[in-house]
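Novice: Have a look at this one.
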Amino acid sequence: MAFSPKVKRTTKHGDGAQNLLRSQKDAYARLLNQHQNGKFRSYLQELATQQVEESMSTSVSRSVNVVSRRKKGNSESSYSVDSLSSQQSRQMADASICSYTDKTSYQVTCTEDQGIKPGMLEKHARMELHKAAAPKKVPSKPQHKRNEKDIKISSNLVGSEEGDSQQLSCSCGEEQAKDKSKKKRLKGNLAKKDEGECGPEVDVITGKSPNKNIKAPQTQASKESLLQNNKDKGTKSGRGSRKQLFEEYMRTEDVSAGLERGELIKGVLRINPKKYKEAFVPSPDGSADIFLDGIAARNRALNGDVVVVKVLPPEQWKEVSGDINERTLANQMVPKAPDVIVEARYNEDDEVIGKMKNVCLHDKAPVTTQSVKHGSAFNISGSSSERAMQRTGKVVIIFEQKHSRAASGFLKFLPNKNFAMFSPVDHRIPRVNVPLVDCPADFVSRPGDYENVLFICRITHWPADNNFAEGRLAKTLGQAGEIEPETEGIMTEYDVDFSEFSEEVLNCLPQDLPWSIPAHELSRRRDLRKECVFTIDPATARDLDDALSCKQLSDGNFEVGVHIADVSYFVEEGSVLDQIAGKRATSVYLVQKVIPMLPRLLCEELCSLNPLTDRLTFSVIWKLSPEGKILSEWFGRTVICSCIKMSYDHAQSMIEAPDKHFSAEELPPCSTNHRIHEIKEAILNLHNIAKQLRAQRFESGALQLNQLKLSFSLDKESSMPQGCYVYQYQDSNKLVEEFMLLANMAAAHQIYRTYPELAILRRHPPPQSKMVDDLQEFCDQMGLDIDLNSSRGLHRSLNENLGNDEYAAARREVLTHMCSRAMQMASYFCTGALKDENSFHHYALNVPLYTHFTSPIRRYVDVIVHRLLAASLNCGPPLSLSLEEVHKLASHCNDRKTASKRVQELSSELFFAVFVKECGPLDSEAMVMGVLDQSFDVLVLRYGVQKRIYCNVCMTVFNFCLFS
């Protein structure tokens, strides 16, 4: 092929044409260099040859305008440009299609904020490739001088953010400013011409904005920017007068006054993980979120921070077509699913997001829609002509830093600098300048050795006049893509304390081992050691914190008991052990291990309700009718001896085969005091009562959105994933769930009656009305009979109105995911902090009062509830905490529960990505959940994984396969 040698020659040398874009700078040529596979190179060259005539027909002015805007988009991506470069260098040897699609998708990202369509970028890349191979004309000297003169003006108007971040920032310095000057000279005259069309884009805060829909004065700002930048050129790259990139924070007293007057809004900042320039703060009235457009509008706040926002004037609001909440749904920090399953211990829901650098199955490709035209996830056609205005705002102060300010990422060496550039894996976190003294000793001499090494960096300061933060390296993790370094990075980012417990903490535990229950303690408790009590847990569980009992009474009713490990007996209030447990607040369940809230001596031995061992418990015992009606209730401290440790599968086998005679070999070791037949009868009775309780709950308006949960089988030695499957939620799970829910509700009523100001409960607000309306409209358009007016109607619709064809189950899964998006998060609260008792209501369970009582080994809130219960029953000291302290404790437990859930999700995604890399490709049916402009979301039914598919990537892979 005659064209091939030219392609290779131009991509390597560029032949000294300074007034034209060098071909190695082009996205297309970079791809050609990065993929050494001969067949793939031949395919790309063939594609360029076939389309060169079409490319040449494009006008020069339009193509150069695209170039300037593309470069501007790249320079504005101050969080991710360097990280892209390091990622490319790490993946040079990888000739896989996954690498190719990730890189092409990222290049589209850099242009989308500027309104450039992906097709334009690819088209321009092909044209420039052809032009680089063709003979080039050197401009005359007068023309060259005129270009330089024009560039002095236009370079300040085009790519202003590039000028700010590179010219005025100390982190970039003189060398980077010089490197950028060549690019600016190449933009020259045509960039100035294009000014009349696109104009200098002005931000609501700093005078420049990537959003064309936000109107702001431009002429005066442009002149001032021009004068300032020209002045800076004479002061050593602008260092003498550094520009303020972020606004100063508002004074505390002004913030308080503004919040009282309703002029300011406080809320949790959420940054879109796929488009880091977009952020949102929820509106207090439940309407559409407030949109924060650009990095400057966030004012150095990070994802999860509690911020105070000022809403901008209406003329600066964003005009959006169709549903303005589509992007809000896409960037939820955690899925807002109801916590019916969460309450019963099965809370490892899976929302999977991409994280790994070297694994093929990561979702790096961002949404390729333009900034104005967004296809709604609830608008399957994306063609709605309805227009709406979304409020925009800016952060005036960070009310509370919830983000840990720690990140995992990669180091980039900067020549002639006394610092290195740290590029976080998470692009929502800014790049960080770290001193070279923190880097490995041979980093300066051998930076290439660390291109694929993960580091932990902690941000220490983010100046108002710098796009980059300042920080210190905390730790070297290891090679990216390996499970343990990635896992440690995840835990550090979300501030999970995985350190060993100190000697001071361990000294709080019983020292005389083996430990036995003191005689005086036995005398103060109800003795249930002769009762048929047993546990039902996952087969691998080691922290057994609940047990069940059931015996039939002579009158035909049943005595049913829920027995919970008495952790509060061992964790004395105010002790060092209590403090560390409160700080951790929850155990964190990763795929391969557990990070416990309490020392393992308590979690797995002294508190765990292990079989054939006397254990201290807190029990609630009811007298129930066969229909599940509560006839009486008793709370108190007890002592039990579990007769058998059963798994869910063991209990399920008894439920499915009620007439079968089970031998001792088919079950775990059992106490000789209780026959297997007695245990089976108890489980069958509990199952029958649980079915009645469950039916009554849903008839009363409860809602349960069961989402698929991905589980893994691991190699015993390496802990590497050998297989993955969707966890099956069986009748045995439902049995345990019903009685845990019943115990939690009983505990909530008991502590609220006694301590109406200090009780710590759990509330679940109703879903956001706007999102429910959008979902209802979508279902109506699709002909789906879904009732979203109440939790009862929704539950009935999902279980009765979706047909009985082969895709009914898939349809139900998709709608369950979509309904979960509209749900708000359940949260802990102190009853004295909320004056309206109606706000205590739990929407998903449809009950007035609810709390957590059944898992004190892994949840600190349950320990507090146990102390409140003991005090209310006069079998324990009164709680020493004040209302304010309980309120802060509830807020802290909410934060840690959210972080724990996120870490669990990322752990699941990490293992799934490793599994696919090692064992893939995997085939599975998927159902479309929503269609956007240039992508669509699918639910992979076999694994319960939600993914976004990009149409341009699909076409590239499809064409390559055809060519192959």
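Here the Cβ of each residue, glycine as well, is placed from N, Cα and C on the backbone.
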Novice: Which range, 1-20, 761-780, 781-800, 881-900, does TrEMBL list as region 'Disordered'?
Specialist: 1-20
Novice: What count of other C-beta atoms do you get within 10 angstroms of the C-beta of Asp546 (Mg(2+) binding site), across all chains shown?
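Specialist: 24, counting other Cβ atoms within 10 Å of Asp546 (Mg(2+) binding site).
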Novice: Please work out the number of neighbouring Cβ atoms within 10 Å of the Cβ of Asp545 (site 'Important for catalytic activity'), leaving out its own Cβ.
Specialist: 25
Novice: Can you tell me how many other Cβ atoms are located within 10 Å of the Cβ belonging to Asp537 (Mg(2+) binding site)?
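Specialist: I get 21 for this one.
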Novice: How many whole Å apart are the CA atoms of Asp537 (Mg(2+) binding site) and Asp545 (site 'Important for catalytic activity')?
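Specialist: With distance taken Cα to Cα, Asp545 (site 'Important for catalytic activity') is 9 Å from Asp537 (Mg(2+) binding site).
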